[in-house]
Every structure is written in structure tokens, then in C-alpha cells.
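J.: Here you go, one structure.
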Amino acid sequence: MSTTKSDNYISELRKVIWPIERYENKKFLPMAFMMFCILLNYSTLRSIKDGFVVTDIGAEAISFLKTYIVLPSAVIAMIVYVKLCDILKQENVFYVITSFFLAYFALFAFVLYPNPDLVHPNPEAIESLSLAYPNFKWFIRIVGKWSFASFYTMAELWGTLMLSLLFWQFANQITKTDEAKRFYSMFGLLANLALPVTSLIIGYFLHEKTQIVAEHLKFTPLFVIMIISSLAVILTYRWMNKNVLTDPKLYDPALVKGKKAKAKMSLIESFKMIFTSKYVGYIALLLIAYGISVNLVEGVWKSKLKELHPTKEAYTMYMGQFQAYQGWVAIAFMIIGSNILRKVSWLTAAMITPLMMLITGIAFFAFIFFDSVIAMYLTGILASGPLALAVMIGTIQNVLSKGVKYSLFDATKNMAYIPLDKDLRVKGQAAVEVIGGRFGKSGGAIIQSTFFIIFPALGFVEATPYFASIFFVIVILWIYAVKGLNKEYQVLVNNTEK
């Protein structure tokens, strides 16, 4: 009897720790490996792209890249993707897009990166043009380091195309509903381990004691790892098409048919939906406020990080550490997030994100505005100066904002759709994705880049008071939107329960 109980306990424990059935490992493990490789590249690219742009062009250039290069490039990429889907099989579309990234990584690693003087315009000519046309100096400086700008753009597109689109489209295509409940949470846990692994890789290859290649080519091993990782993604995808999608026990094509496509709305239709429904408008405001507030702090933080770590190698190594912190915190929040949602009200759970942003934002900007006063009081108490402390608090703020995003923020936002009637729920979510997604991600960059065009003499250091003011206004609006949405939410929930 005791043996049976013990076996049952072990079986239940296994389902909690590893909810994948033995026969499903053939399907789950290759998909998890694919996601790990994609995220390994993603986190490596995120660390390197900022290191190149911030140290060689300036932190201010990031807002211009996001607004005027990345956003149009993403639109063009989606148009190309749709066209490819019309003329090729889905499997071949995956190969074409992944091979395009693979070819670019090889081009950058072995041609563009080793020969900056050969591929970039004369620095003196760029500087003289910047002085002659100060309102457009950041555009000119981006052109002056165009290969780094292209790398930044490709890094952003990797996350959009490879992770958000191709991987999840493939996963949704071949995963049954009952499998998804067990697979997807495990994908998140395993894939987030790629972030600390990235940190270890970057820390090793960029360390001053590591002498594998010439000093001016320190990043080459990282590019080679990304190329190998991209090849691994292609080969794993190929193996799955040959061995998993042909196994009737693991994949039934009939299940793919009949899946309803999500409602898609144009920009004008989305605006109409948001302005005519207060409830949907509140949800959109949450998403927009989150995106803008994160971008406003992130820009100032990266400029301070450059002051603390002025070289590409030092900056990228710090960003690698940041990725590790982000990975562990994301895993922790994924574990505790569901428990928080079960034990507190929707309002309390939804308030955690903006209040956390507000408190850490106040601390971050305080260390920037009152650095001399803080330095006077902290001398002899802490080894770190006010700059290092400001960067540390900015790091904590960014890590927490990303960790909370995937657990509490997204969960409470999605819970808000549940009490709506089916039509408003489907159309409202589509409207929020269009407006909230676009304006949230690019809103902060548009504010910053417009400010630098109008006031060309200012950089992040001089503009920080203005961006801090906008940040606090946005967060206060966010808190107002949470309170307003909670009132509407409670009314609908109570009506549903009656």
C-alpha cells in the first residue's frame, strides 16, 4: 500500500516538475532546443547591438533607429513575409528567412565588422556635416556608422520575425490544445535559461584575459556562435518536418484545419474601437503607458551606462550580465506570478507594475538629479559613486519591468478581456494589439527623437529633466487607467456572476 502511495506521489511530482509525457519528448525537446537557440541569438544580439550603437554613435541614436529605421523595416519585412507565404510552402518560408539572417551574420562577421574604415564614410566628413546641419546630426551620424545601424536593425528584426512570428506560428501549428497547456510554460522556463548562458558566453569571450582572436576582433567568436546557432535552428526545423510531422501520434494535420484566425483590424478601425469603448481604451492606455515609460527610462539609463562603461567590450559585457539578471527574474516571476494573481484582487495585481515603475523611476532620477549631494553623503559609506549607483538602480528598474511584464502585467491585461462579450473581446483585443503595440513600442522613441531634432544642442544628460517629467505624467495616467478599468471590470464581473 505504501509503495503504491509512494509511486503515486513520485508520479504527481514528476508531472509538476516535468509535465511532458515520455512519448512527447520527441516533439517537445527539439522545439525547446529551437527556442533556446533563437533566444540565445536574441539575447546576444540585444547585448551587442546596444554596445555598438551607444559607444560608437551615441545613446540618443537609438530612438532615431527605432523610429525611422526599425519601424519601417519591420513593416517591409511583414510585407515580404506575406508575399513569400503566397508563393512558397510554409516550410520553405522558414528556410528563406532564417537563411537570410544567417547570410547577414556571416557578412557582418567576416566583412563589415573587421573593416570599419573601409565600409564607413570619412569620420571628419560626417562630423563637419553634423556641425553644418545640427537638427539632422543624429541621422548623419547613423549614416556615418551605417553597418552598426544595420546590425541594430537586424537584431530587432530577429526577435520580431524568428521568435514572435516563425517559431510561435510553427508551435501553434503543430501543438494540440492539451499539449499547449503543458508545453508552453515549459518553453518559457527552459528558453529563459538562454539569457544567463548568453551572459557567460559574452563574459568569457570579451574578457580582457581571453585572447582567442586579435584585440580589434574580440566580437568575432560571438558572431560565429550566432551563425552556428542559426544553422542549428534550420537543421532542427528540418528534422522535425521529417520525423515529427510525419508521426501521426505527434501531429495530426486535420487539427490545423478549422482553427479560426484572429480578428485583424486596420489602424482606423482600431482607433474607432478604442475611442468608442471606454473599457477597451483603458486597456490600450495600459499598453501604451508601459511601452513609453520603459523606453524613457531605458534611454537615459543607457546613456549613463556608456559613461560608466565607455568601451564596446565593457558595455556589452554589462549588457550580457543584464540579460542574465533578466532571465533569472523572469523565471522567478513566472513561478510566483500565478500565486500572486490567485491571492490578491485584480486591482492589486494590476497596480504592482505601475507602482514598481514609479518607485524605481523616482530612485533612478533622484540619483541623476542629486548626484553631487548623494556623493557627499555616501562618500566613505559605499565604494560605488553616484554614477554607478544610478546605473545599478536603472538596471534593477529595467530588470523588474521586464520580469513583471511577462507575469503580472500581461496576465492582468488578458484577464480584463474575459468579462467582455465575444464580439467586443475579439475585436477589442485586436484593436489594442494594433494601437497599443505600435504606439507603446515606438512612443518613447518618437518623443525622444523629436525632442533631439527640435533641440539639437541637447543630449540625454541635458534632456533628462524633460524626459523624467514626461515619465511621471505617463505613469500617473497609467495608475488612473488601472483604477478606471478596475471599476468597469468589477461591474462586468458582477453582472456575469448574477
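Positions of Cβ are set from backbone N, Cα and C atoms, glycine also.
According to Swiss-Prot:
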{"type": "BINDING", "residues": "G436, G437, R438, F439, G440, K441, S442", "note": "ATP binding site"}
{"type": "DISULFID", "residues": "C37-C85", "note": "disulfide bond"}
{"type": "TOPO_DOM", "residues": "1-33", "note": "topological domain 'Cytoplasmic'"}
{"type": "TOPO_DOM", "residues": "55-67", "note": "topological domain 'Extracellular'"}
{"type": "TOPO_DOM", "residues": "89-92", "note": "topological domain 'Cytoplasmic'"}
{"type": "TOPO_DOM", "residues": "114-147", "note": "topological domain 'Extracellular'"}
{"type": "TOPO_DOM", "residues": "169-184", "note": "topological domain 'Cytoplasmic'"}
{"type": "TOPO_DOM", "residues": "206-218", "note": "topological domain 'Extracellular'"}
{"type": "TOPO_DOM", "residues": "240-279", "note": "topological domain 'Cytoplasmic'"}
{"type": "TOPO_DOM", "residues": "301-320", "note": "topological domain 'Extracellular'"}
{"type": "TOPO_DOM", "residues": "342-348", "note": "topological domain 'Cytoplasmic'"}
{"type": "TOPO_DOM", "residues": "370-379", "note": "topological domain 'Extracellular'"}
{"type": "TOPO_DOM", "residues": "401-438", "note": "topological domain 'Cytoplasmic'"}
{"type": "TOPO_DOM", "residues": "460-465", "note": "topological domain 'Extracellular'"}
{"type": "TOPO_DOM", "residues": "487-498", "note": "topological domain 'Cytoplasmic'"}
{"type": "TRANSMEM", "residues": "34-54", "note": "transmembrane segment"}
{"type": "TRANSMEM", "residues": "68-88", "note": "transmembrane segment"}
{"type": "TRANSMEM", "residues": "93-113", "note": "transmembrane segment"}
{"type": "TRANSMEM", "residues": "148-168", "note": "transmembrane segment"}
{"type": "TRANSMEM", "residues": "185-205", "note": "transmembrane segment"}
{"type": "TRANSMEM", "residues": "219-239", "note": "transmembrane segment"}
{"type": "TRANSMEM", "residues": "280-300", "note": "transmembrane segment"}
{"type": "TRANSMEM", "residues": "321-341", "note": "transmembrane segment"}
{"type": "TRANSMEM", "residues": "349-369", "note": "transmembrane segment"}
{"type": "TRANSMEM", "residues": "380-400", "note": "transmembrane segment"}
{"type": "TRANSMEM", "residues": "439-459", "note": "transmembrane segment"}
{"type": "TRANSMEM", "residues": "466-486", "note": "transmembrane segment"}
J.: Taking contact to mean 3 or more CB pairs closer than 8 A (sequence separation of 6 or more), are the transmembrane segment (219-239) and the transmembrane segment (185-205) in contact?
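T.: Contact confirmed: at least 3 Cβ pairs fall under 8 Å.
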J.: Which one is it: of the disulfide-bonded residues C37, C85, which Cβ has the fewest other Cβ atoms within 10 Å in this structure?
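T.: Ranked by other Cβ atoms within 10 Å, the disulfide-bonded residues C37, C85 bottom out at C85.
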J.: Of all the binding-site residues given, G436, G440, which has the fewest Cβ neighbours within 10 Å once its own Cβ is left out?
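T.: Taking G436, G440 as the binding-site residues, the minimal 10 Å Cβ count falls on G440.
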J.: Below 8 Å Cβ to Cβ and six or more residues apart, same chain only. Which residues does that give for K441 (ATP binding site)?
T.: K66, G291, N295
J.: Sort out the residues at least 6 away from either end of the transmembrane segment (68-88), same chain, that have Cβ-Cβ distances under 8 Å to it, and list them.
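T.: Those are 96-97, 139, 142, 149, 152-153, 156-157, 160-161, 165, 442, 449, in sequence order.
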J.: Between S442 (ATP binding site) and C85 (disulfide bond), how far is it from one CA atom to the other, in Å?
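T.: Distance (Cα to Cα, whole Å): 27 Å.
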J.: Please report the distance from the Cα of G436 (ATP binding site) to the Cα of C85 (disulfide bond), rounded to the nearest angstrom.
T.: 27
J.: Name, in the order they occur in the sequence, the residues of the same chain whose CB lies under 8 A from the CB of F439 (ATP binding site) and which sit 6 or more residues away.
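T.: Once residues fewer than 6 apart are set aside, F439 (ATP binding site) is near I288, G291, I292.
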J.: Can you tell me which recorded stretch out of 93-113, 148-168, 321-341, 439-459 has the most Cβ pairs within less than 8 Å of the transmembrane segment (185-205)?
T.: 321-341
J.: Other than its own, how many Cβ atoms are within 10 Å of the Cβ belonging to S442 (ATP binding site)?
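T.: So the number of other Cβ atoms within 10 Å of S442 (ATP binding site) is 20.
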J.: Under 8 Å for C-beta pairs, could you tell me which stretch among 93-113, 148-168, 439-459 has the largest tally with the transmembrane segment (34-54)?
T.: 148-168
J.: Which residues, given as numbers and ranges, are at least 6 beyond the ends of the topological domain 'Extracellular' (206-218) yet have a Cβ under 8 Å from it?
T.: 113-114, 313, 316-317, 320
